[in-house]
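Data block below; observations after.
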Amino acid sequence: MSYTLDSLGNPSAYRRVTETRSSFSRISGSPSSGFRSQSWSRGSPSTVSSSYKRSALAPRLTYSSAMLSSAESSLDFSQSSSLLDGGSGPGGDYKLSRSNEKEQIQGLNDRFAGYIEKVHYLEQQNKEIEAEIQALRQKQASHAQLGDAYDQEIRELRATLEMVNHEKAQVQLDSDHLEEDIHRLKERFEEEARLRDDTEAAIRALRKDIEESSLVKVELDKKVQSLQDEVAFLRSNHEEEVADLLAQIQASHITVERKDYLKTDISTALKEIRSQLESHSDQNMHQAEEWFKCRYAKLTEAAEQNKEAIRSAKEEIAEYRRQLQSKSIELESVRGTKESLERQLSDIEERHNHDLSSYQDTIQQLENELRGTKWEMARHLREYQDLLNVKMALDIEIAAYRKLLEGEETRFSTFAGSITGPLYTHRQPSIAISSKIQKTKVEAPKLKVQHKFVEEIIEETKVEDEKSEMEEALTAITEELAVSVKEEVKEEEAEEKEEKEEAEEEVVAAKKSPVKATAPELKEEEGEKEEEEGQEEEEEEEEAAKSDQAEEGGSEKEGSSEKEEGEQEEEGETEAEGEGEEAAAEAKEEKKMEEKAEEVAPKEELAAEAKVEKPEKAKSPVAKSPTTKSPTAKSPEAKSPEAKSPTAKSPTAKSPVAKSPTAKSPEAKSPEAKSPTAKSPTAKSPAAKSPAPKSPVEEVKPKAEAGAEKGEQKEKVEEEKKEAKESPKEEKAEKKEEKPKDVPEKKKAESPVKAESPVKEEVPAKPVKVSPEKEAKEEEKPQEKEKEKEKVEEVGGKEEGGLKESRKEDIAINGEVEGKEEEQETKEKGSGGEEEKGVVTNGLDVSPGDEKKGGDKSEEKVVVTKMVEKITSEGGDGATKYITKSVTVTQKVEEHEETFEEKLVSTKKVEKVTSHAIVKEVTQSD
C-alpha cells in the first residue's frame, strides 16, 4: 500500500527511490490510487483525490523545489551504496555517507512534516464536513417542523371541509323532505280534482238520462194529444150526425114518434158507443202507461248496471293512478338518494385520490431524502476509508523510517568493523517494507467490505426507482398479454407456480443481502484494471464490438437455440429414465467445480437458481415440438453444457403473463441479481488448484469437433426458422444485457450467437505470482464459504425438486459450465493420463506452483482465441449464410526479481444496460 506524492510536486522524486518496490510507485492521478481510494459515483472519477489535489496547494507553497531536488538526489539507496563501495578511503566514504544521511534525514523530516500538515488539514476539513452535516440535519429538522405545521393546517381544513359537507348533506336532506311534502300535496290536489271530475261526469250522465226521459214524455204527450184530438173530432162528427137525424125526425109527427123511438135507440146507442170508446181509450191509455213504465224500468236497470261497471272501472283507474303516483314518488326519492350517494362517493373518491397522491408524493420525497442520505453516508464512508488508508500508509512509512533509523544506528555501531555492514543494513529495511506492503495488500479486501454493502444498497435503490417509473407501462402491457394467453395454460401451471415460487422467493429474499455484498468490489478492481491494463482493455473493446456485431447478425439463430433449449428442458423430465446416469455424473462434476470456483458468492448462485426456475415454468407449451427428437439432442455434444446457452434463461425470457402484473412484475426479478458482475475475479481464490497453462494444440482439438457439429447444425436450421422469428426481441434484450461483459468473460459464458454454435473456445491460463501470505490467507476462505454453500444448497435442493437442468443453466449464466466442459475435453484428448483440476478466473490461471519455475525472472504468455459462428437464415428463399469470425489476442508479461504484477479482468457493471434490458422486454410484450 502506498500514498500519493502528488501534493509534494513531482512524483518522480519518490518513484526513483522505490523502483525496487512496485507497490510504492503508483500515482494518484488515475481513478484508483495505491490504496484503492476509488470513487463510487459514476459522474466524478475520484472525489477524495480531488480534495487532496485542492489541499495540495498549501504544501506546495511551503516547500521549495530545492528541497525536493535534495530529497530526489538523496533518497536513492542504491546510489549511496555504490558511492560507499567506490569511495577512495574509509574516512572520505564515511564523511560522504554522513552528509548523504543528513540530507536524507532532512528530506524525510520535511516529508513527515508535510504529512503531518496534511493530516491536520484533513482533520480540519473533517470538522467542517461534520459542521455541514449538523447544519443539514438542523435544516431537515426545521423542514420537518414546517411539515407538521402544514399537516396541522391541512387537518383543520379537512375538518372544516367535512363540516361543510355535513351541512350540505343536511340541507340536501331538508330539501328532499320538502320535495316529498310538495309531492304529497300535489297528489292530494290531483285526487280531489279526480273526484270532482267523477261527480261532474255523473251529473252529466244523469242530465242525459233526464233529457232522454223528457223526450219520451214529450212523445207520449203528443200521442195523448193526438188521441184526444181524434176523440174530439169523432165526437163532433157524431154530434153532427145526431143533429141531422134529429132535424129529419122533427119534420113529421110520425116521424117524430118514430124519431123519438129512434131517438131513444140512438141515445142508448151513443151511450154504448161512448162507453165503448172510453173503455177503448182507457185501455189504450193503460197499455201506453204500462209500456212506458216497462220501458223506463228497463232503461233504468241498464243505466244502473252500466253505472256500476263504470264506477268500478273508474275506481280501478283511480287506484292504479294512485299506485303509479306513489311508485313514481318513491322512484324520484330513490333517484335523489342515489344521486346524493353518488355525489358523496365521488367526493370521497376525489378526497381519497388526493390523499393517495399526497401520500405518494410524501413517499417519493422521503425516498429521495433516504437516497440522498445513503449517498452522503457512502461518501462519508469512502472518505473515512480513504483516511484509514492514509493513516495506514503513514503508519507503514513511519515504521519504515524507524527501521531505517535503527538500521543506521546499527550501521554506525558496526561501521568500524567492515564496509559491507551498511550495505546489508540498507537492504534489510527494503525487504521489511516489501513484506509489509504485501501484507497490507492482502489485508486490503477486509477494509473494502465496510463500504461494499453501502454501494449495493444504493444500486438496489436505483433498480427500485426504475421499477416505480415503469410500473404503469408494465402493468398495462401485462394485462393486455393476459388476455391473449390461453386459459388452459393458466389453469395447469398456476398451482405449481404458486407453491414453488413462494418457497423460492423466501430463499431469494433471505440470501439477497450477502449476495449483493460482493458486487461493489468489481468497480474498484475495474478502476485498477483501467490503470494497469490500458492497452489490453482497448483490444478487449475491439473484440467486444466484433462480438456485438456477430450477436446482432445471428439473432435468428439465437432465437431458435432458445426455443430448442426450452423444449429440451421441458421434455427433460420424461427422458430422465434414459439419461439418469449421465445427469447424475454431470451434477457431481458441477458440484466439484462449484466448490472450487464459486467461493465468495455461493448464495448468489442459489438466488440465481431460484430465479432461473421461474422462467422455465413460465414457458408456454408452444415450445413442445418434435425438434427435441433430432439426432443432435442425443449426441455427446448436445448433452454438454455448451448446448445449453447461458442466455437461454436470461431475465428477458421470462413470461410476465402467467404472473400477476403487480406481485410478480419483471422488475421484481431484475437482471441485476443475475448480472455476471456478481462473479468478481477476487471471488475465485488464487490459491485454488489450477492446471498449467494449456498449449495451443489443445485449442485446435475443440475446433476440430466444430466441423463435425456443423453438419448436424445445418439440419436444425430448417426446423428452427419458424421458431427463430418469434423471439427477436428477447435476443435484443439479451444482447443488451451481455454488452457490459469483458471479453474473457464472454469467452466463458458465450454470447447468444454461440448458443448452438459447434465452435468451442480455449482460454489458456496465465500464471500470476502471488505472495505466500496472500496464498495462506485465501486458502482459509474456501473452507468457510464451502460450508455456507452446503447449507444453502440443502435449502435449494428442496425447492428445485427434480429440475437439475435449471441448475446447469444457472451455472451457465455465471460463465462456468462451458469452461468446465472445455477442460474435460482437453483432459480426455490432449492431456492423456494427466488429471488436472483448476479454476480459470476470467481467462487467468492463478497457479502458485509455477512461481518458482522461472526463478527471479519469468515470462508469461496469454493467448485468447475467440471464434464466432454466425448463422443467418433468410425466410424468403430459405437460403442460409455461414459467417465465421476469429479474434486472437496475445499478451506477454515479464516479471523481475521480487516484483509481481497481478492482472485481473473484472466485469463491468452498468445499471443503464439493465434498464435497457427491461425496456426491450416491454417491447417484446407489445
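Cβ coordinates are placed from backbone N, Cα and C, and glycine is handled just like the others.
Noted from Swiss-Prot: of S44, S665, S675, the annotation phosphoserine belongs to S665. Note on S46, S279, S555: Swiss-Prot annotates phosphoserine at S555; no matching annotation appears for the rest, which is not proof of its absence. Looking up T20, T425, T677, T682 in Swiss-Prot shows the phosphothreonine annotation sitting on T677. Looking up S655, S660 in Swiss-Prot, the residue bearing an annotation of phosphoserine is S655. Cβ-based neighbour count (10 Å, all protein chains) for S226 (phosphoserine) stands at 10.
With helix defined as DSSP H, G or I and strand as E or B, the region 'Coil 1B' (150-248) counts 99 helix, 0 strand, 0 coil.
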